[in-house]
Structures are given as structure tokens and as C-alpha cells.
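Record features (TrEMBL):
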- 8-142: domain 'DUF1468' (DOMAIN)
- 35-53: transmembrane segment (TRANSMEM)
- 65-84: transmembrane segment (TRANSMEM)
- 90-106: transmembrane segment (TRANSMEM)
- 115-137: transmembrane segment (TRANSMEM)
Amino acid sequence: MLKQRLVAIGALLVAIGLYTASVWSGKPGYQFPQIVALTMIVLTGVLTVLALKPGRPVVPDDVEPVAFGVLWPSLLLIAGYAFLAPRLGFISTSFLAFALVGLVYNPEPLTTRRVLVTCGISAAFMTALYLLFVVLLNVRVPTGILL
């Protein structure tokens, strides 16, 4: 129970820190991060209230923790994304990350068809993100040698 409370309070503090960082920038195009940070504050605030409320824990104690073996590909992808995003650009790096997540975590055997379908879905998703953020919301995304 104490662990859940500490995690909830920690998540709330991180959300407040993210909002503070997005407000201090004062640059145009930071409205979207502010909206995301405010949403995180609301959700983590509710989680904190539920965690601090006496009685039933938010997550039962018998829930098994996630095995690290399942997480390490994601951690590598995040590190690779952080390294490549400033060099290649947001959209192209996001395409690679989205496609790799689909390929790594899909339980089906790796076939040419699966790779093509995953890349097609990734391209469609990145096109939708580009249209949403760059065209519709006018959010400046990091660019690199690619888009």
C-alpha cells in the first residue's frame, strides 16, 4: 500500500514538473504539451486521492509485476528513439519506433507479409500524426535530415 502511494505521489510530482517546464518556455507551439501535462496532473491527482484513501488498495497486492524480460526491448527502443530523433526527425524516428514495437511485440512469426503490413500501418499512423500535429494543430515537431 505504501509503494502505491509513493508511486502515485511521484507521478503527480513528475506531471507538475512537466507542466512547469512547458509553461516556462514561453515559446509558441507549447500549448499541446501544456494540455498533455494538465491532463496528466488531473489523472495522477485522481490516482493519488485513490491511493491515499484508506481501505482497498488501487492495485491488489496479488497482481504479478511485469517481467523485465518483456520490458528490455522497449527500453532499448526508447534509448534509440532519444538518440535518433534529433538526427532523423520526429516523424521518421516515430515511424521506425512504431514499426519496431509492432514487429517485436507481435506474437506471430516474422514473415515478409507481416513486415509489410506493420510498415504500412506505421506509415498510415505517422501520416495521421503529421496531419494532426503539423497541419491541424500547428505544433512544431523536431526535424532532422529526414522529416
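Note that Cβ sites are derived from N, Cα and C of the backbone, with glycine treated the same way.
Taking Cβ pairs closer than 8 Å, the transmembrane segment (115-137) reaches residues 32, 91, 94-95, 98-99, 102-103, 106, 147 in its own chain, all 6 or more past its ends. Away from its own ends, the transmembrane segment (90-106) comes close to residues 73-74, 77, 80-81, 84, 114-115, 118-119, 121-123, 125-126, 129-130, 141-144, 146-147 of its chain (Cβ-Cβ under 8 Å, at least six residues beyond either end).
Look at the domain 'DUF1468' (8-142): DSSP puts its residues at 102 helix, 1 strand, 32 coil. Within its own chain, the transmembrane segment (35-53) is flanked in space by residues 4-5, 7-9, 11-12, 14-16, 18-19, 22, which lie at least six positions past its ends and keep a Cβ under 8 Å from the stretch.
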